[in-house]
Every structure is written in structure tokens, then in C-alpha cells.
């Protein structure tokens, strides 16, 4: 993919979107669709914040140029041309990243990759709002992921052992901005460099974990090459993708026929179509389990009128 034009310095007014733009940079090669929607979210949010100040207008104009260039490069990609496919792609990607971090957390494996995955998942759920309001489930995932990233980051920084798995969210005692501002407050101008996965709060990357590479397999598309650091003599945490467990299919679904008294609404058909799109997107990631679950949901909805 051709390099995009460089953005001007980020205006202070746009501090709230700097991490979404950084996430876009990180995904330019890994997943251009994700990168595109991160920039689209930043553009829409930036327009709401300040579209009149000269420096903001200049920044948004350059960002629009990037969006147009990306859209041209992606061509006929259905995740760009069809909103429902794009929504499914982005939601599945965010969920994969969330589940990777959640599995590491529940196993008591606390490291920068996991912290970064939790936080990036929360940012990507922000981005899903370009398609409309979030579901209650996504709102809960975003809140939990952002809190977990901050909580574990603070524990490791203070030399404490985080509590694994779900714990009560005490948002009043956690400063999310402390995690966001752990590094530089401006967008990185140099190419992203991989870093060791050894956690050292006194030696954090200047771009707030920008250099952390997330191994594919846990959440990334199967054809995404791993961008791992060359051997540096530092022991790193190698994450092995867990074997997929295909959910058991309820045999009753195959024998169920739509009864005459079942009346499906347009909303039912739209939800069924969405589940099928989610299944198709999951298969792009070779995620059979998620694909089967979504197809089962669609089949149940169409045959029973219930979810």
C-alpha cells in the first residue's frame, strides 16, 4: 500500500482523537480497513470539536486527503463499500483483540501486549460508532477494556500484582488519562519500531506503547505477518494462539421449520442478515467458532422469531 501524506502537528483541541489516529497508523499495513475507519472516526469527531480554527481546518483537510487516498487504494473492498460488512469487520476485529487480552488476563499473564490489546479494543469500539449507536454489549466491553488497561498498567508501574479476571470496576480510583498520557502527547513522526515485551515503566516507549506488536492468531487476520522484533537477547513473552473450539450445533435447529403463526418483522430480517455478515467476516479471520455461533443465531431467529 502506498504511503499516505504526512499529517501536520496535532492541534491541542484534538487530543482526544490522537490515540485513534495512532491506532490507524499501526494498522495501515496490518489491516487497512481498520486503519480507514479509525481515520474516519477521527475525522468525524474532529469536525465536531473544532472545524473553524485555522490549524484544525488544516489538520482535518490533510486527514481528509488520507481518507480519500485510502478509499481509492481499497477500491471495491466490500468492508468499505458496504456499511454492514464494514461494521461486522470492525466489530469482529475489536472483539478478537478484547478476547485475546481477556484470556491473557484470566490466565494471570500480565504484559504490555495484553495492556495494549485491552486499550486498543476500547478505541476500536469507539470507532464502531461511525455506524451508529453501540449495542449494550459493546458499551460494557469498552468500559471494561479501558478500565482493565489502566488498572493493570498502574499495578505494574507500582510494582503490584494485578488481580486476574473480572473484578469490580472502581472508575473513581483509576485515572484513564494517566495511561493515555504515559508517553508523548503528539503523534509519532518516525516509523513504528518493535519493542521488548519486558515491562519496565521507567523505560516506556515515547509514543505510549506504540511499538508493541500484537501477535497474529489471537486476533489478527490469518494472513497478517507477525511483526516481531529481531533477537535482542531479551526474553519475551511468546503468545501461542489457542486451539479453536467449535461450539456444538443444536440438532433441533436443523429440524425446526417456520410455523405459520411466526411473523418476522423487517428488523428481524435485518438482524439475521447482520449475523450472516458477522459470520462471513469471522471466516476471513479463520474464526470458525464465531462464524458458527453467528449462523446459529441467524437460523434460530429466522425459524423461531426469537434470539
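Glycine too: its Cβ is placed from the backbone N, Cα and C atoms.
For the region 'Interaction with CHMP5' (2-75), the predicted model reports an average pLDDT of 94. Here Swiss-Prot flags 2-75 as region 'Interaction with CHMP5', drawing on similarity to another entry.
Swiss-Prot lists 2-187 with the feature region 'Interaction with IST1', giving similarity to another entry as the kind of evidence.
According to Swiss-Prot, the feature N-acetylalanine maps to 2, an assignment based on similarity to another entry.
Residues annotated as region 'Disordered' in Swiss-Prot: 180-240.
Sequence annotations record features per position, and here Swiss-Prot assigns compositional bias 'Low complexity' to 185-198.
The region 'Interaction with VPS4B' annotation in Swiss-Prot covers 198-307.
What Swiss-Prot lists as compositional bias 'Polar residues' is 199-211.
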Residues of the region 'Interaction with CHMP5' (2-75) by DSSP state, where helix covers H, G and I: 54 helix, 0 strand, 20 coil
